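Okay, handing you the structure first.
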Amino acid sequence: MKLAVYGKGGIGKSTTSCNISIALARRGKKVLQIGCDPKHDSTFTLTGFLIPTIIDTLQSKDYHYEDVWPEDVIYQGYGGVDCVEAGGPPAGAGCGGYVVGETVKLLKELNAFYEYDVILFDVLGDVVCGGFAAPLNYADYCIIVTDNGFDALFAANRIVASVREKARTHPLRVAGLVGNRTDARDLIDKYVEVCPMPVLEVLPLIEDIRISRVKGQTLFEIAETQTAVSYVCDYFLNIADQLLSQPEGVVPNELGDRELFSLLSDFYLNPTSNSEKNANISGLEPDSLDFLIV
């Protein structure tokens with residue numbers, strides 16, 4: 001199974017990806033996480049340091065693939081999760097999609113690409129071009145990390161559009177949304193009501209998730225000494241269980257930009273209207289209510 005994790009820049013994709021990878025490993029799967037970001041920091045919380053990138057290694061070998069060995073590019077991280085960083089072209093030059101393609105090509109040359117039960121691609125920020133949508137060419141499922149805010153859901157909607165485009169020629173589906181570090185989910189629920197897709201999990205707004213990234217440790221590793229964090233790991237184990245059940249997934253139809261803007265802004269600008277809609281759905285007339293608290 002191959003997974004591609006997308007979401008708005010800074011939403012917490014790498015932290016989420018690392019913990020999902022460990023959760024899958026805890027379920028007995030052999031897992032490879034591939035960081036697809038020029039910052040090459042996707043696997044930092046698994047390995048504890050910035051590992052050399054595929055591009056750096058290929059450059060040092062003058063792009064002689066036959067001179068590259070698995071141990072040159074694959075590093076084992078916490079929980080037995082193997083880690084690879086694709087890296088990227090210099091700032092302002094080159095194409096990130098090319099780098100992803102070179103990474104997959106090299107792993108195939110090393111007979112490593114098909115040795116894993118699960119390969120997880122952790123992809124940088126919003127989908128801004130076809131190049132950064134390249135991991136979708138290899139994925140069975142796309143996981144979209146969001147929060148309960150407009151910007152993250154706007155980015156999620158653009159990612160949905162990319163999935164729909166790729167699904168024309170690839171057996172690709174959206175596995176679902178993961179809400180990251182949010183106490184509320186009203187906008188998430190509003191979005192999936194209009195653009196139906198599963199919500200795999202909504203992670204609580206706790207500092208331990210943010211701090212784990214700064215520490216360079218996953219929540220599973222922190223939980224070994226801080227048992228109070230253990231309950232958060234259960235969220236990721238639940239995500240892993242859903243993914244391993246090989247869900248049908250969906251190919252949603254994205255909303256138009258203005259339609260999405262109106263949908264989400266109207267939710268707060270016209271709360272009474274939304275309450276009336278909810279009352280009608282439940283079979284109640286708004287006038288029959290004794291009072292309404294907004």
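In case you wondered, yes, glycine gets a Cβ from its N, Cα and C as well.
Feature table excerpt (Swiss-Prot):
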BINDING   GLY10, ILE11, GLY12, LYS13, SER14, THR15, LYS39, ASN180, ARG181  ATP binding site
BINDING   SER14  Mg(2+) binding site
BINDING   CYS95, CYS129  [4Fe-4S] cluster binding site
Please list residues from the chain of SER14 (ATP binding site) whose Cβ is under 8 angstroms from its Cβ, counting only those at least six apart in sequence.
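Those within reach of SER14 (ATP binding site), by Cβ under 8 Å and sequence separation of 6 or more, are GLY35, ASP37, ASP41, SER42, THR43, PHE44, THR45, ASP122, ARG213.
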Quiz question: given the binding-site residues CYS95, CYS129, which has the greatest number of C-beta atoms lying within 10 angstroms of its own C-beta?
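Comparing the binding-site residues CYS95, CYS129, the most crowded Cβ belongs to CYS95.
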Taking the Cβ of GLY10 (ATP binding site) as the reference point, list residues of the same chain whose Cβ is under 8 angstroms away and which are at least six residues distant in sequence.
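Counting only residues 6 or more apart in sequence, the Cβ neighbours of GLY10 (ATP binding site) under 8 Å are GLY125.
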Applying a 10 Å Cβ distance cut-off over all chains shown, what neighbour count does ARG181 (ATP binding site) have?
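Neighbour count, Cβ to Cβ under the 10 Å cut-off: 19.
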From the Cα of LYS39 (ATP binding site) across to the Cα of CYS129 ([4Fe-4S] cluster binding site), what is the distance in angstrom?
18
Compare all C-alpha positions of GLY10, ILE11, GLY12, LYS13, SER14, THR15, LYS39, ASN180, ARG181, the record's ATP binders, and send over the largest distance in angstrom.
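It comes out at 23 Å between the most distant Cα atoms.
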Give me the CA-CA distance between ARG181 (ATP binding site) and CYS95 ([4Fe-4S] cluster binding site), in Å, as a whole number.
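Each residue's Cα considered, ARG181 (ATP binding site) and CYS95 ([4Fe-4S] cluster binding site) end up 31 Å apart.
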Only counting partners 6 or more residues apart, tell me which same-chain residues put their Cβ under 8 Å from the Cβ of LYS39 (ATP binding site).
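Residues satisfying the criterion: LEU124.
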Other than its own, how many Cβ atoms are within 10 Å of the Cβ belonging to GLY12 (ATP binding site)?
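Its Cβ has 21 other Cβ atoms within 10 Å.
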Could you find out if DSSP has GLY10 (ATP binding site) as helix, strand or coil?
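Reduced to three states, the DSSP call for GLY10 (ATP binding site) is coil.
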